[in-house]
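Chemist: Positions annotated as domain 'Acyl-CoA oxidase/dehydrogenase middle' by TrEMBL: A:182-291. TrEMBL lists A:186, A:225 with the feature FAD binding site. Annotation comment: TrEMBL describes A:329-479 as domain 'Acyl-CoA oxidase C-alpha1'. The feature active site, proton acceptor is assigned by TrEMBL to A:465. What TrEMBL lists as domain 'Acyl-CoA oxidase C-terminal' is A:523-655.
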């Protein structure tokens, strides 16, 4: 009753009393002011130099592409808080988003961005292409995937599986987008298990044509990027059946639309529909009904069919033949891994900048509220993630170099490292983006602030081009095979970073001082120790199962927990190695000093992993020492936080309003504009 | 009520009118070219006004037919001959510091651009909150013809013009009239010169630094005249196609391709202008604008100071001295550029203009601290 009375009084006053004169409490002095971190935070090292180290290559190319995007209306520039931000309008319908993605590609095509991507050759061109993908991925996942399908999957398949006449016929047209390619591998019934796909191709020697068929609903091609709307051609993966013999999975080219965009006869196409992200990509489903393609359309670098219908292959072993077919997917995996790192950079840049300008709670009455990043707990949430992304940047650069310098001998290493890094980077990206979203509070929910939305856009990374869990199992299996090979031939370990297995087992000191914890030797020892021990254990357990008469495959399946731990141990160690290598290239100075702290924070965060206690590699006391050192490193890195995210080199326009003057961006005047 | 606090021989005249301060460039014979003395004086005044609660607004204008035709580079060349390259660098250090102060000024600056506004004149106006163009305005950043590059923070303000208009203006030195300046955003308002005395009087009656208030006052005298049909701003699509290309060479070939498609005097003039400019200048200017597009105004000026120090030092090219000789001193208008061709200038050479100068006494530009001032949002957005 009191409450009702009080409300009535308030309303009466409101209606009857004259409005109060402008009072002092309405002056700006009592309001929050946005205080730009650029003016208060100092840079202790040259952020341009750090950026060059992190991006690793093609900085000018990247900047030019960033500029091309910012300056065009097609990329949806919006002014918030006096600054321009570019980001697709995700509030558009799926159809509109797909149309915009395509228009943006046309714009970049006209500006010559793709020049040389298919017709050029060499490491430099491939690195430049990676750089462009990274930049475009920072703008939007859809555009990078749409381009990736056309250039890396369709174009890559022609380059790698095709021979000269395919190259001559298709590569230039691909580069100019005279044709639009897609890549039909996945089916409704088979994803990661490509060897199980059900699409069938037979050969008609009377006409010299292949005949492609979708024999059942589970064989429909699924998730085919570009198929729903734009693609004119596709690579089709199918079981090649020659004279009643199934020769296994092969790839050939089929046209699915004419130049006017009409679906070709004997082809049925349906849309995959709206997705939780990536709606600018037109994923579709394809059915083939006796589709006839000329014999020359078989991509014949690995195997061919003669005009009279004889199957010919230089690789007799179907396993190896199949492996050869999957190798071009590596480029896609490299792209995904690297792209995941850049998404985390976007998320962390925004979140750290927000944490440097947003205050919450005062410690005492009448004191100013505390900046989020001045809370040790907030530092502990964000700075280890920042360190992780530094480490993964070096890992990403290493992976790209490994890929562009590939040789037949390095195929295995590329497969293992790309699998491990793709899984590790994409998983950590999701974890980082979630932490960023929460650290931005409610602002993280707004699509325009990017961090929250990026989660939905990049969730797919953990399963496409190889399910992360399966990729990590492959890493453990590869390490197992390496171990067995070395043991069988009684040889030392060489390759996959396992050389440390040849040395005596490192010993962790019983007392860990701060100096020890920060030494890269100790950090390396601790990471190698875990990898070594887990590999020994995994081999022992699998062998034990096999000794009991179980198959190797079954033994792998039952030891999945160890396999997971081992895969993670391998990744952490491999990433750390790339960090140490990058650090070693630097001259002494402030940049190297800060980077050393970042490296320690990364390594110690790895050592905090539960495996160290689970298997007893660290004592409980040592684990506590690691944890203490992490908090110390966080507070020491706090003053460098702005410089560390600025070194990511993401232009302001690609971040979001909360990364800058979020008060002005949300002001009433901004509503009126 | 007006009180004059300067003598008429001063290079900068100062008038105090209520809460407004009117600063007038007073070297009409030299088209108000910025001397070291003028820059120092402006810096001193701006610093003092910022602390003075009785100043709410600063108005800048020029005496005669020019607002300001640029930095007094002839004097800079003279100083370098007498005192070495660092004397030249010193001029720019002071000038860029002033540019930064203006760009991050806590009080609105209104520049009345009733005449020529070029080079350093743009540095002294474009960074301020309000730029008023008139039918007499004539804008240009003509540095590439002089062996220099668009400096004074131009890599910040040119790169933020629509599309690739900034590249066009910065590389060709293309001229704009007041209407074009308004259309592309270099000017915030267009006021016919006949109304300037009324505008000035109205501004002198302002007792607030609120940009919305000042904007609405200027708005009362403003007009929105339409562009001439032949205006370069109507060619934005060609400019975007050509000036978005990656390199200067590619920009030129894009223009040449356009010239094949249609006969157009403007395209051939543009090609000619580019071919006459210093090749080194063109390359470093393009890079500067492209990098500047992604940087705040402070980092832009720090980088431009590195670049200008390299130019003054003449380690990679002496085109600046040759340009000044041919255009300003001997006036034969036939500079002999060295290197003479675009293809002779490698990316590595371009890179070196962006590196620190390897000289013991040389330091990066130190920007004045701005954190103690309550900066308005339009300034914060530029950091």
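Placement of Cβ uses the backbone N, Cα and C atoms for every residue, glycine included.
Caution: TrEMBL annotation is automatic and unverified by curators.
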Chemist: Sorry to bug you, but what's the C-alpha spacing from the residue listed as 'active site, proton acceptor' to residue A:186 (FAD binding site), rounded to the closest Å?
Modeler: 10
Chemist: If one looks at the chain holding residue A:465 (active site, proton acceptor), which residues at least 6 apart in sequence have a CB under 8 angstroms from its CB?
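Modeler: Those within reach of residue A:465 (active site, proton acceptor), by Cβ under 8 Å and sequence separation of 6 or more, are A:329, A:332, A:333, A:336, A:422.
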Chemist: Tally of helix, strand and coil residues over the domain 'Acyl-CoA oxidase C-terminal' (A:523-655) according to DSSP?
Modeler: 109 helix, 0 strand, 24 coil
Chemist: Count the other Cβ atoms sitting within 10 Å of the Cβ of residue A:225 (FAD binding site), across every protein chain shown.
Modeler: 25
Chemist: Around residue A:186 (FAD binding site), how many other C-beta atoms are within 10 angstroms of its C-beta?
Modeler: 20
Chemist: Translate the DSSP assignment of residue A:225 (FAD binding site) into the three-state scheme.
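Modeler: Reduced to three states, the DSSP call for residue A:225 (FAD binding site) is strand.
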Chemist: Could you give the number of helix, strand and coil residues in the domain 'Acyl-CoA oxidase/dehydrogenase middle' (A:182-291) as assigned by DSSP?
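Modeler: Within the domain 'Acyl-CoA oxidase/dehydrogenase middle' (A:182-291) the tally stands at 6 helix, 54 strand, 50 coil.
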Chemist: If you average per-residue pLDDT over the domain 'Acyl-CoA oxidase/dehydrogenase middle' (A:182-291), what number do you get?
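Modeler: For the domain 'Acyl-CoA oxidase/dehydrogenase middle' (A:182-291), the model's average pLDDT rounds to 97.
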